[in-house]
Amino acid sequence: QPQKCQREFQQEQHLRACQQWIRQQLAGSPFQSGPQEGPWLREQCCNELYQEDQVCVCPTLKQAAKSVRVQGQHGPFQSTRIYQIAKNLPNVCNMKQIGTCPFIAIPFFP
């Protein structure tokens, strides 16, 4: 299972659009990179998730969140936000059968 999801994560280029979407949400200003970016990014991110095997959606989102956190040198508060944004993405993408990912939004796990 983990290997398979790891592979999907790599195939989907580490959910690049989802990582950008998370960053954008974190910054709290969707207009930073132009207003047309927000909805477009969300759509791209959702498409990345739709490509994946359902069982991999949450594990790969967790990886994406981790990448964002590691790249950004975020403090504990922001780290928590990153995971909260990531775990809610299946809802944002209307993936009702997945809903909110079960991983916990805490900053300190590896």
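From the backbone N, Cα and C atoms, a Cβ is placed for every residue, glycine too.
Not measured: the values here are computed from a predicted model.
Database features, via Swiss-Prot:
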- C46-C93: disulfide bond (DISULFID)
- C58-C101: disulfide bond (DISULFID)
- Q32: pyrrolidone carboxylic acid (MOD_RES)
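Distribution of Swiss-Prot features across the structure.
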| residue | record | Cβ neighbours (10 Å) |
| --- | --- | --- |
| C46 | disulfide bond | 19 |
| C58 | disulfide bond | 22 |
| C93 | disulfide bond | 19 |
| C101 | disulfide bond | 21 |
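C93 (disulfide bond) falls outside any helix or strand according to DSSP and counts as coil. With respect to their backbone Cα atoms, C46 (disulfide bond) and C58 (disulfide bond) stand 13 Å from each other.
Between C58 (disulfide bond) and C93 (disulfide bond), the C-alpha separation comes to 13 Å.
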